């Protein structure tokens, strides 16, 4: 499949008849013209009327509205995706705000949990550990030769739901749907992959419908050797691929990123994408308040790879704003289930050890507890920003939020855990506990809050603001790596598109209807930074913009011409 440019050329294809109708990337359904029906042996296989894609999308929208539950809507949309991808993306594009929570978080969580139950049709690649020696052959079975973006998971830490085995495939499928819907990357360029290394979820192992390898998860050297076989096979098949690691467990996520980020063009969205969108949100929120991020004190609940990744990017940004590294680190406080991370805490992971507070600096704190709880930290630090990445519901209690508000007139509270069932506090409660003074951004979508007859829109700190633009920028520029500076440029660009900053009112993040505009801007910034960093060939700004335009796929049908195989 070629990328659609401004003037879509005719596409020459060898398929015909029922085979063509079964090819999701090429199928037009009732939109095949009279001439195409004749040339491709489709006469009589479709109803008489030739429809436009908008007419098809209107019918699909009416059918969609007939489903009452979010999971049924998800299944319906996935069925369209698996039969006619162009129609799927036109429908999603027409109703993005309505459908994004259905094709991705929070509904995708339920789809992952019920993957084997609701399975309809194969999509993507499943590589099981018993098949590890056939890795090259498996990737050769992928019919699309021009794959440019892979999202891969091993299913061990799916959202806040834990080990879902091969059910985790729902995440790469959903993520790549957003690469296309938000970032304009052709679906012909994308490939979802799940590494089936077993599961420790006993419920799945006991489920007679479970479709994955029924075996406890492999670990340690066996696990890392298997992942390495996969990476090497991908490099052999698609040397210029962009590989996104998704929903790997904390113990593996950072080691894999560290090992491969300089070997293959790759990033971890849970660590780097979440950090980029969070930092972009915080830059915008700080500017809207007339200050800088470097002036804020920040407390985290959750010191896993995602939380620590956000913290490190905040530290990098505040250094850019003029702080020394030591001063920047003193403004960030990490709390996990064992309390505040300090230099006397044993058994910390390497990425956590860099974010400890020195106990000598805490001697003046007003507390009698040996373990410094979140409430102790909030009471003594008096933070401006509170970020939740714990994956545990209800941990931002009324006492904690009111204590924060006591010392901060306009607190920024970001319960980012997904899905909505795992959020640290609901926006409704946070707004009420702060008398309507908090700026709230969440990880999953929430409806606006009505408090004392005033409406408070809730920004969704969604990685979809970031990763589609990064992907488009990498493809357009031909970047060979994703650097920290490229991620920072994405954060800065997102902040520049904040309605709250630009207009003095509204959401801190752009409306979802504007996400393609934001993705294009991020793609340009990322591509330009890649050139400056020497990981992409330097071109003029005009040439880079043209490459972005040329690679931005639109859900429009093209004219088909018949060719022989």
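Keep in mind that glycine also has a Cβ here, set from the backbone N, Cα and C atoms.
Note that the structure is a prediction, hence the values are computed from the model and not measured.
Quick look at what Swiss-Prot annotates:
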type	residues	note
ACT_SITE	104	active site, proton donor
ACT_SITE	175	active site, proton acceptor
BINDING	157, 270, 418	NAD(+) binding site
BINDING	246, 247, 270	divalent metal cation binding site
SITE	270	site 'Important for activity'
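Structure with Swiss-Prot features highlighted.
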residue: 104; record: active site, proton donor; DSSP class: coil
residue: 157; record: NAD(+) binding site; DSSP class: coil
residue: 175; record: active site, proton acceptor; DSSP class: helix
residue: 246; record: divalent metal cation binding site; DSSP class: coil
residue: 270; record: NAD(+) binding site; DSSP class: helix
residue: 418; record: NAD(+) binding site; DSSP class: coil
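Counting only the Cα atoms, the space from residue 246 (divalent metal cation binding site) to residue 270 (NAD(+) binding site) is about 6 angstrom. Around residue 157 (NAD(+) binding site), the same-chain residues six or more apart in sequence whose CB sits under 8 Å from its CB are 163, 247, 248, 249, 250, 253, 270, listed in sequence order. Residues 157, 270, 418 are listed as the NAD(+) binders, and the farthest two of them sit 11 Å apart at their Cα atoms.
Calculated from their C-alpha atoms, the gap between residue 418 (NAD(+) binding site) and the residue listed as 'active site, proton donor' amounts to 11 Å. Of all Cβ atoms in the shown protein chains, 28 besides its own fall within 10 Å of the Cβ of residue 246 (divalent metal cation binding site). Here the Cβ of residue 418 (NAD(+) binding site) has 24 other Cβ atoms within 10 Å, regardless of which shown protein chain they belong to. The Cβ of residue 104 (active site, proton donor) lies under 8 Å from the Cβ of 174, 175, 177, 178, 464, each on the same chain and at least six residues away in sequence.
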